[in-house]
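S.K.: Below you'll find the structure I mean.
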Amino acid sequence: MRLAVTGKNGQIALALKAQARPDVEILTLGRPNFDLACRSTVASSIRDAAPDIIVSLAAYTAVDKAESEPYEAFAVNRDGVQALAEAAAGLGVPVIHLSTDYVFDGAKPVPYCEEDRTGPISVYGRSKLEGEFAVASANPNHTILRTSWVYSRYGQNFVKKMLRLADTNDELNVVADQLGCPTSADDISVAVMTIARRMLSSSSADLRGIFHLSGSGEASWAAFAKYVFSVYDEITGRQIKVHDISAAEYPTPARRPANSRLHCDKLERTFGIRLPNWEESTRRLVWALLLEGKDA
């Protein structure tokens, strides 16, 4: 199986490369030779890669910065993704596209299903939703995976930020009134491989469309931080106090949904995939980062 993976330096792309089996060839695409904001590079890069399937991970992910750079966000998350999906369709290649929980407004009191009405409240969320529309219209042979609160040993993410802050702080204020599903990039990569194999082995329409893919369980940012620091305490013997605060007490340029929990039963029914509990995957990562030094 030959995968072309965009966003070569992102968390999920790096996790895919790290976990690839010998029978899987992963071609990672990224700047400067491949840039979603430059449509002219997209089609030629995909044609040269000659993949069996494309995993679309590249995105403009600076949620707050997008509020002042909407053109740049839409150029990548909508227009670039459309060019990618069109190129794939021209070659008869299926696309797995990663989207986000931020396509929802957060007003629903329970986890969101795939069929629920979207209503993004940030430029980033709107650009990602438009990207979903672009993929669906350009290439019917697609699977869109909405995920959330991604963390890993790679790049910048919440777990690594908390551990960095622990170096110089004994107490931290963390938002407690936003709920979501922390999701390990390693777990996502395993799921993506399974989905790719199924898509290549079957043309069933049931395997196409939108699916929610997130870690089992739920947490607020504060609860997430407290769990990270509970594992940190086990390893180091040092306690970090987390104080719950409201989102209003921690203003940011972009609004975040108060609830972006994702209901993932459709994914399990269709592909037999249910990701591990987020606490299990978080514990494994914190131990790796602190004891094994597997940082990137």
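Note: Cβ is positioned from N, Cα and C throughout, glycine not excepted.
Okay, these came from Swiss-Prot:
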- G10, Q11, I12, D35, L36, A59, Y60, T61, Y124, K128: NADH binding site (BINDING)
- Q11, I12, D35, L36, A59, Y60, T61, Y124, K128: NADPH binding site (BINDING)
- T100, D101, W149: dTDP-beta-L-rhamnose binding site (BINDING)
- Y124: active site, proton donor/acceptor (ACT_SITE)
S.K.: Rank aside, I only need the closest one: which of the binding-site residues T100, D101, Y124 has its C-alpha nearest to that of D35 (NADPH binding site)?
M.R.: Y124
S.K.: On the three-state reduction of DSSP, what should I expect for T100 (dTDP-beta-L-rhamnose binding site)?
M.R.: strand
S.K.: So which binding-site residues out of A59, T100, D101, K128, W149 end up within 10 angstroms of G10 (NADH binding site), measuring C-alpha to C-alpha?
M.R.: A59
S.K.: Among all chains shown, work out which of the binding-site residues Y60, Y124, W149 has the most CB atoms within 10 A of its CB.
M.R.: Y124
S.K.: Run through Q11, T61, D101, W149 for me and report the binding-site residues whose CA is within 10 Å of the CA of Y124 (NADH binding site), in sequence order.
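M.R.: Passing the 10 Å Cα cut: T61.
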S.K.: Just to be sure I understand: of Q11, T100, D101, which binding-site residues have a C-alpha no more than 10 angstroms from the C-alpha of L36 (NADH binding site)?
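M.R.: Final answer: none.
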S.K.: Quick one: which residues besides T100, D101, W149 have a Cβ within 8 Å of the dTDP-beta-L-rhamnose site's Cβ centroid, in sequence order?
M.R.: Y102, R146, T147, S148, V150, G180, C181, T183, S214, S260, L262
S.K.: State the Cα to Cα distance, in Å, between T100 (dTDP-beta-L-rhamnose binding site) and I12 (NADH binding site), rounded to an integer.
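M.R.: T100 (dTDP-beta-L-rhamnose binding site) and I12 (NADH binding site) have their Cα atoms 13 Å apart.
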S.K.: Near the Cβ of A59 (NADPH binding site), how many other Cβ atoms are there if near means within 10 Å?
M.R.: 23
